[in-house]
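Asker: Sending over a structure as structure tokens; questions will come in a sec.
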């Protein structure tokens, strides 16, 4: 590992109070001119000012002390590595107020960070560029010299000088718009003064957009800006946003602090969205919904992302983390409450069950690795900050907050949140500050409990055994760290403070008992439990841990899967725990396959979705063997009954979840080569392409996937044609994600080349390459070779950012031979990707785990799959 660079935060002898900022972007030459006039306080005499600055050339700088003479800076020393500039002055700047003036120029880059250009096509087919921003975490310094740290808050007065036929937006409302004296084709747009805020939340957008507008019940103007001609597609997000603002106002008991909020779709955008205060930016697919061409999962995604970004307007923007170490608090919290908000707007989504599959299990998988990290990470240099935007900060963060909310109870939780927001509004806070407010509201030892979940990495596996004593059930419960590579006997094993709930078959939805496990083991006595009743730990699958039951306890729980007496979320959790125990070598994978067969009556979408995910992992693992076809048959057998029951066409009275389930099941059957499904998919695809019968949006992914998986060059040509014709980014992405399913090696190569072509937006290249790697053994090899061969271009494209980590993970995570881990490791030793360092280590660990799993269980799995088919003797 390269040495960590010593990192120093900015000196505090000069700090900003207000930034007066004028920017004039040139949308043809991709440059911009800027003028900064900042009101600053000098706290102790100094002859230099140190600020953040990257890829900006300062032309002149001067300081005017209040009521004094202007002092011109005599030198600018750029420390490019540290993204700082030191302005040197010939005499000492005295303690007191003053004004810092800087004239500078910069470039509108194409790296999707800082002040950058985003390519779009006008309705008439002309290519143009918008100028947009993405500052989190450390890229405001690419747009103007500033004190670019979250705790150095100030107010902002922004003026943009732009072509008069363009829309210009910023955090605040426009207060003045007048012709620009030096050029009649430009206008000067002045925005209202912002509240006190952090630099990473400043934003501006200059481009061509339409919008839809509404007013929330509490009087905030909400607008959704869309590409020209697509205003209709902003209506769904507008509806969600107008419902969400009052929901949060009510939940936090603090009003939204700005007069307006804009949500805008940006063509080239690296993240899903960014919560800039009052001007939230989104990928088109995270904001735009077309009633005819958008599928149910897209609507759900938009609802969640809107809920997430609007939560940040309070939690993050009004109260901001003191330093990036506490980023998780921002992201974990917003990733939890987005579900609360969607549940409020769309109860029919059963979104909390989906949380378990989407966030909770994902976080458990990553956090079981030796190369995981604690939720709270000490970060310094900007390249380290990028790295913590991962599933630990978001998904584990959200999962432990869900556990905390459950432990405290909603009423006290809200009371504590309100106290926190009021105490720290317009200021900065740390994790400890929130614990203190919640502790005061609830009277529970919040800091003590939560520190074990945020300051140490990993989580426990809870081992449970039972004895019946008369009418009492006595449970023996112990904890130890869960490791993806199986149990360890470490002397200094960490402990957690584990809130444990227990229910019985008498009422599976009701918690019978709660205990806080704060030592390695304990005994719990539950009264009045009949000997034929089962006991379940962690009802609702809320606690962030895995469970290993004694075999007798597990046996008694399994009928609850078949007869559905266990809640959906608990059926899911039970199966998911067993699958991860098998991967860790603590039970045999065959045991899990037997449990999976018990899900044959399963009606719940999310339970199927999680099963499907795990079978996908297994199928990918077994692609390294010569019996890959046998696991496909297992998948076909498991999914056929539900597939038959659902059929291809939606029935009256069906809802959101039925649409999701049908898409999932048909895609699974089609991919696994289920004959009837494949034939029907081909028939419907043909009609769709010929324009006879357009496929409903919810069936497109499964149909596209199926025909490609069993397709040839004609199929690929047709799909690429559909991609070119698609007007919606959602449809383009839908196609991009499945192209990798094509089986022939020469066609796989075509798909990989297509990924880097002009046809694919830069942020979407990653999912095309990932689709190739995830679809077959050949695809995996080809994708990895492609990434190595095109490393310079790919790294240059996504340098820093989390897209590079995602690319690496998608490409190499599926290998299962020890020597591949060595190859990946050595490639990245000679090709540095600082922002993906931890990802590379996690991938190498995963490859070794896969290899061990295969060695351990492949033969048993093969035997089981064979005897399943053998005629009974």
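Here the Cβ of each residue, glycine as well, is placed from N, Cα and C on the backbone.
Copied straight from TrEMBL:
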- 16-201: domain 'Aminopeptidase N-like N-terminal' (DOMAIN)
- 236-453: domain 'Peptidase M1 membrane alanine aminopeptidase' (DOMAIN)
- 308, 312, 331: Zn(2+) binding site (BINDING)
- 309: active site, proton acceptor (ACT_SITE)
- 394: site 'Transition state stabilizer' (SITE)
- 534-847: domain 'ERAP1-like C-terminal' (DOMAIN)
Asker: Excluding 308, 312, 331 themselves, which residues in that chain have a Cβ inside 8 Å of the centre of the Cβ atoms defining the Zn(2+) site?
Answerer: 275, 309, 311, 315, 316, 330, 333, 334, 335, 338
Asker: Ranking the recorded positions 309, 331 by other Cβ atoms within 10 Å, which is at the bottom?
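Answerer: Each of the recorded positions 309, 331 was scored by Cβ atoms within 10 Å; lowest is 331.
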Asker: Using Cα coordinates, what distance in whole Å links residue 312 (Zn(2+) binding site) and residue 394 (site 'Transition state stabilizer')?
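Answerer: That separation, Cα to Cα, works out to 13 Å.
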Asker: Of the recorded positions 308, 309, 331, which one sits closest to residue 394 (site 'Transition state stabilizer') when you measure Cα to Cα?
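Answerer: For residue 394 (site 'Transition state stabilizer'), the closest Cα among 308, 309, 331 is found at 331.
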Asker: Sorry to bug you, but what's the C-alpha spacing from residue 331 (Zn(2+) binding site) to residue 309 (active site, proton acceptor), rounded to the closest Å?
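Answerer: Computed Cα spacing between residue 309 (active site, proton acceptor) and residue 331 (Zn(2+) binding site) is 10 Å.
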Asker: Take every residue in the domain 'Aminopeptidase N-like N-terminal' (16-201), average their pLDDT values, and give the whole-number result.
Answerer: 96
Asker: Using a 10 Å cut-off, grab the number of neighbouring Cβ atoms around the Cβ of residue 312 (Zn(2+) binding site), all chains included.
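Answerer: Here the count is 24.
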Asker: For each of the recorded positions (308, 394), count the other CB atoms lying within 10 A of its CB, then report the residue with the highest count.
Answerer: 308
